[in-house]
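The domain 'Sodium/calcium exchanger membrane region' annotation in TrEMBL covers 133-276, 468-616. The region 'Disordered' annotation in TrEMBL covers 301-328. Taken from TrEMBL, the feature signal peptide applies to 1-28. Taken from TrEMBL, the feature transmembrane segment covers 124-147, 168-190, 202-226, 233-252, 264-282, 375-394, 434-454, 466-483, 489-511, 532-553, 573-592, 599-618.
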Amino acid sequence: MKRFSPLSIVLLALSSLIVVLLTVLKKGVPVVASVDSDPERLNVDSSVLRALLWYSDTGADGWTNGSGYSLFGNDSDSDADCSDVHKVNKSMRCDFTKTTDDCSVDEGFVDYTVFAYCQFTPSLLPLALVILFIWWLFLFIGLAITADDYFCPALTVISKTLHLSHNIAGVTFLAFGNGAPDIFSAIAAIGNAKNGEAGLAFGALFGAGVFVTAVVAGTIAIIHPFNAMQRPFLRDIVFYLAAVFWTFSVMWDKKITKIEAIGFILLYIVYVLVVVLGRYIYQRFKTPDVIGEITVKNEDKDETASDVEETGDSAGSESKPLLSSLRSETRGNVNISTESMESSPEDPSPFQQFLYAINPIDTENWPEMNLIKKIYEVFKCPMVFLLVITTPVVDYDEELHKWNRYLNSLQLTTGLLFASLATKVGLNTIGGSFPVWALVLIIGVSLSLLVFFTSKNDQQPKYHPLFAYVGFVVAVVWIYSVANEVVNILQTFGVVFSISNAVLGLTLLAWGNSIGDLIADTVMARQGYPRIGISACFGGPLFNLLLGIGIPFTIATIKKGDYELSITLEEYVLAGFLALSLLTSLIVVPLSKFRMSRPYGIGLIVLYVIFLVVALLTESNVITADIN
C-alpha cells in the first residue's frame, strides 16, 4: 500500500514546485506584484483577506474580452471558461469567479478558485499559493493515511469474515484498497469535470501508469537485476495494453457510452477470472513443492519471495499480481495501539486507554525521531485525530483486535454523523423540518449506548468484526471527500497558472499517487525481493485504469447518458507514451529471456524523461497537431 514517508513528502514537494516554476517561466507570468498594484490591495479585511487576483499587466478598464461577455449581462457567464479570468480587469476577477459557472464547484466543500481570487490582495498572491499548496499536501497525506491505515485493514477483515480465498481477496478487495486513492481521485475528477473535460482523470491514470511502468520498473531493474516471472508478466502487460488501446479508442471517438463504461469493469472481471483459473490450473498440474499462492500477510509474502529466489523458479513466483505493493501489514499503525499501555507499571484505567487511543502523536517513538520525522508527525496529527475518532479499525494482529470500549462506542456516533454530513445527505430534511443529520445523531447515540452497555473493557465482543464494515463505509466517505478537495485544488492551480488538467494529472496527481510505490518498491528491491516490486508495476496500474475509468464513467453515463469527452493533444500523448512503455517491455524483456537488466532499466527512465519533455512541449504549444 502506498505510504507517505517524510522522504516521499520532500520529493513530492520539490517535484511539484519544479513543475510550477517551469510552467510560470514558460508562460511568462509574474509571481510578485509590482509596486503600482491595484489600490484595492490596501483594503485588507481582518477577518477575510480580499481579492487574490492573478497579477498581470492587463490595462482593461472593464470586464470584457474578445467574446464580449460582461459581468452584468444576463447570459454573460454561462458559456465562459474559468481560464478566461486572466482576460478581465484585476478588480473584476473576484466577481468573475463567483458568477461564472465553469468556476463553480460541483463536488467538495470549498471553492478554492473563489478563495484564490477573492480572499487575498494581488500582492499576497505568493502567500495564497503557498497556503493552497500546503493544504493540498496535507490532504494528500490524509488520503494516503486513510487508505493505508483504515480502508485496507477493513477490507482484510471483510475478506476473512466472508471466507474469501487468498486469490480472490488479492485481486478484488485488497487490490481495491491498494488503488483506492487513484480510483477515488479519478471519480472526483470526472465528477467535477466541466463540459466533458476529463483531462485530470486521464492525466492522473495515464501519468501514473507511465511513471510506474517506466520509472519504478526501471529503478528496480537498475538496483537489482533479476529474471522476471514469465506468465504473470505476460498476462498483466497484455491485459494492460488491451485496456490502454480500448481507452485510446474511446478518446478517439470523444464519447463513452454506458456499455463501454461497463465494459471496462467487465474486462477487469475477466482479468480476475484469468488470474484465479490460471492459479488453479497451475497448482493442479505443478508439483506440490512449488510456492505460488497469493498471500495476504507480509511475513508469508516475504517467505514466499525468499523461497522463490532460492529455487530460481520464475514461474513459481506468481504471487500477488496486483497487491505486491501492499505494505500496510508490516508497518506501525496510526498509534491506536495498546503497546504503550503495557509499559506502564499499573494497568491504565479505561479512560486512560481511551486517551492513549485518540492520541494522534506517536509518543512512544518520538524521542528517536529526527527533526523531519517530528515535523511530519505534527503536520499530519490533525487528520489522524479526525480519522481516529470517526473510523473504527479491526486489526487481528493487535491486542484485543484493537478493541477499545470507549473509543469504539464513540465512533458509532461520530462516524455515522460525519458520513451523513460529508455526503451532504444529512443536510436534507424530513417532512421539510426535521434534519436528516439529527436522525442520524439519534441513531448513532443509540448504537453507541447499546455497544457500551453490552461489552467489556478487557474483552472484545462477538460482534466486533462488524465494526470493520462500519469502518469501511466511513473510510470510503473520507477518501472520496478528501479526493474531491485534492482535485478541486489542482483545478484551481490550473486556472491560476494556466496549466491544463492533463498536465496537472500527469505531474502533481500522478506523482502524488505513485511516489509511495517508488519508495517502497525500491526498498523491496534493495532487500533482495525485486519480483515483489515489479509485479505491482503492471498489475496495479491496470487495476487503477480499468476501474478508474469504468466506475466514474458508469456513474456519469447512468446519470446523464452518453458522456461527451473534450480531448486535447496532451491526452493522446499520454496514451501514446504509456502504450510505448508497455510495448517496450513486452518486446525487450522476452527477447532478453525475461532478464530485467540495468540497460533495460536505464532505457525506461530515459523514455520517461522524453515523455515529460514531449508533454510539456505539447502543453506550451511548441508541438501541435490537428486532432479533429
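Keep in mind that glycine also has a Cβ here, set from the backbone N, Cα and C atoms.
Annotations in TrEMBL come from automatic prediction, not curation.
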Checklist entry - Looking only at residues six or more beyond either end of the transmembrane segment (466-483), which have a C-beta under 8 A from one in the stretch? => result 108-109, 139, 142-143, 146-147, 150-151, 153-155, 157-158, 161, 180-181, 184-185, 187-188, 387, 390-394, 408, 411-412, 415-416, 418-419, 422-423
Item to check | Distant-in-sequence neighbours of the transmembrane segment (375-394), which means Cβ under 8 A and at least six residues beyond its ends | outcome: 6, 9, 138, 141-142, 145-146, 149-150, 153-154, 157, 333-336, 357-358, 360-362, 366, 369, 401-402, 407-408, 410-412, 414-415, 418, 464-465, 467-468, 470-471, 474-475, 478
Checklist entry - What is the number of residues in the domain 'Sodium/calcium exchanger membrane region' (133-276) that are helix, strand and coil, as DSSP sees it? => result 121 helix, 4 strand, 19 coil
